[in-house]
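Feature annotations, reproduced from Swiss-Prot:
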- K78: active site, charge relay system (ACT_SITE)
- S158: active site, charge relay system (ACT_SITE)
- S182: active site, acyl-ester intermediate (ACT_SITE)
Amino acid sequence: MTDLTSLTLAEARDGLAKKSFTALQLTDAHLAAIEAARVLNAYVLETPEQARAMAKAADERIARGAAGPLEGLPLGIKDLFATQGVRTTACSKILGEFSPPYESTVSAQLWRDGAVLLGKLNNDEFAMGSSNETSCFGPVVNPWRREGSDAKLVPGGSSGGSASAVAAGLCLGATATDTGGSIRQPAAFTGTVGIKPTYGRCSRWGIVAFASSLDQAGPIARTVRDAAILLRSMAGHDPKDTTSVDRAVPDYEAAIGRSVKGMKIGIPKEYRIDGMPAEIEALWKQGADWLKAAGAELVEVSLPHTKYALPAYYIVAPAEASSNLARYDGVRYGARVNGRNIVEMYENTRAAGFGAEVKRRIMIGTYVLSAGYYDAYYLRAQKVRTLIKRDFEECFAKGVSAILTPATPSAAFGIGEKGGADPVEMYLNDIFTVTVNMAGLPGIAVPAGKDAQGLPLGLQLIGRPFDEDTLFSLGEVIEQAAGRFTPTKWWA
């Protein structure tokens, strides 16, 4: 039998429908792969008993012809999504052994459609990071290595566990979240596909909040088709989330293979940053050539406020985080460190519970929201955000269907290599991705090539609001031209 963990999600779905194997066999193969790959530290909690029970129930539904769209397909869930009765910590000490009494809307919809829970995936603490090194469970290791080197590389962040697990064959797909690039950057670093949908497309209910006006859930998968299949189940209106948009969810898979002839693709001149590596520039041109060969028209566009996006993002996001994280005080749930009085208990709990990067962002956020600096920083950043959104609106109003950019300024870097002395060095990883969150737009990262050391590189496509279909059609053109990217297994 084929190695079941090497199948795409679509292939596994079709194999189950043909009864080539059972959901239990598929799940057991993934559980064995997870056990053999613990060195990657992708999972922070494995749920084998629950997975097998869900797989058996899926096999019964398949047998009686009542299969859902994801019936029997084993997935990993980022540890930011509440899973009822299954420990959810946001990879922070402050949540301790917290076991949610409810299920996040996104994961509930996956289970409704028949998916199987393999376990909870590692992420940067409270999703704050670009390398998955801030998790209280330790860093995630990228399954990719530089040619001729055994140095451990980061998988990107904050959804590093999701990206690493998908790339290494430890699940058929995974949930992830994206606040400033946390789906697209890890996807680019691991040779996987990641889509951040339009803000409001997927419910945020039951997802641990980082920055509420920027956070959005989405899938990481091995192929564009797989991402389309997963997003259809994850998306949809939810009355429990006031920012959820009540729009019908299209059949995203139907966009795969659709012609892109005549589409206008914007190439933004502002994304040609100083010091951009030649191989990223060459990859960008290659991607544009592939889309042109498929019948798309390339046009240069201007997004003049791009240069202000990163500083504005690192004001807005920490400001919202400082407010959201005020709820973690040790009183009603999570870890508690006692003190002589309640104020001391708050202080002790937060001092011991939060990691260094989370504390840094809470401090930045509290500072920019303080009376003396609110107008100078926070208010100004929100005005910049409006201008960034307007840049995109003007671009799309000229008939541009999507915008093509690099996904990251480099390939994956080594664990411990960046951001030690200067956090800004790490923040610069988000330079191509934050504009999408600031404007609330959909963006997809698709693997498009390798660097000189054999590491995957990704391209990003940015779409009009709620036009994820077009991103899937264009993304598949790049995927077909570039081919699939699979790391050489060194860990088992």
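Positions of Cβ are set from backbone N, Cα and C atoms, glycine also.
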Go through S158, S182, our active-site residues, and report the one whose Cβ sees the most other Cβ atoms within 10 Å.
S182
Distance [Cα-Cα, Å, rounded] between the residue listed as 'active site, acyl-ester intermediate' and S158 (active site, charge relay system):
5
When a 10 Å sphere is centred on the Cβ of K78 (active site, charge relay system), how many other Cβ atoms does it contain?
33
Taking the Cα atoms as reference points, how far is S158 (active site, charge relay system) from K78 (active site, charge relay system) in Å?
10
